[in-house]
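Copied over from TrEMBL, here are the features:
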TRANSMEM  6-32  transmembrane segment
DOMAIN    22-294  domain 'G-protein coupled receptors family 1 profile'
TRANSMEM  44-68  transmembrane segment
TRANSMEM  88-112  transmembrane segment
TRANSMEM  124-147  transmembrane segment
TRANSMEM  169-195  transmembrane segment
TRANSMEM  243-263  transmembrane segment
Amino acid sequence: MDLAGVLLALLLVLVLVVSLLSNLLVLLCFVYSTEIRKQVAGVFLVNLSFCNLLLTVLNMPFTLLGILKNQQPPGGCVCKAVGFLETFLTSNTMLSMAALSIDKWIAVVFPLSYTSKMRYKDAVILMGYSWLHSLTFPLVSLFYSWLDYNSVYASCTLHLKEETERRRFTVFTIVFHSTSFMLSLVILCFTYLKVLKVARFHCKRIDIITMQTLVLLVDIHPSVKQRCLNEQKRRRQRATKKISIFIGSFVICFGPYIITRLIELLPFVTINYYWGIISKCLTYSKAASDPFVYSLLRQQYKKVLINIVNRILKRDLYPSSGYNSSLDTENDYCLHRTN
């Protein structure tokens, strides 16, 4: 194997380890914390982490094997099963992210009616649709024998073997990516841009109050005034930064692979082997980044993890009155909502 292959294998191993540990931590927090389990968004987060964990354990090792030995898993049935899971889990994670954005949109734009618009029953229905939607396409591809080892991506995935079925396979692939990637992207953009609009409106109101206060306090120290102005600037940027991470990580991780799969439908196009592996590793990297984007960097999850560590070590780092739970509100200032 050449140097490029070694580097790609090391990258995939890193993604696999981070994804495994981080998604396990999210599921551990959900099991340990009653507060997290009470939140409707927890249903979407658990489904997302569960799918990412399955993708990590059942798909990434076979892709790693394909990079190292450039061969498919032993047994045709095993490869079909791996390709079936890859198609199902990838689509399911995309729809789970779309469901999370819908939950955030309802919570921020319609805060007073959130409990009636987004109940546990509604979340389960959304996840039920996600599973049915995601199962449809791998079942169809299994029926037409379109699941096989694809050397360009070093993995078992959607693959056309008979040129006579190119037209049918092309229609299937376009519909599949349109109803998974494109549909999820449209939902993400619509909901999060609405959230950003509301967040900017609230931040603008806070800025007006802050400026009026600074004008009234004529004797305020210049350093205090400067700190208030700096916080005002950070507050305006915080919501935009979070929305950019939500949408940007989705596009960067899934976009290159989806575009590559659509371009290769053209009979005269040949995909470079290394680019195929890189685009595949990018999709896997979403499984490693999702726990940090949606869960582990939130103060609520940090608190739960600290409590778990303290319980294991049988120590108490924080006095009962020393922890201020309002830090979660501080960190998610313009986007945070309370279930």
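Every residue gets a Cβ built from N, Cα and C, even glycine.
Across the domain 'G-protein coupled receptors family 1 profile' (22-294), the prediction's mean pLDDT works out to 88. Here the transmembrane segment (124-147) has Cβ contacts under 8 Å with residues 43-44, 47, 79-80, 83-85, 87-89, 91-92, 95-96, 99, 102, 156-161, 165, 168-169, 172, 176, 179-180 of the same chain, all six or more residues outside its ends.
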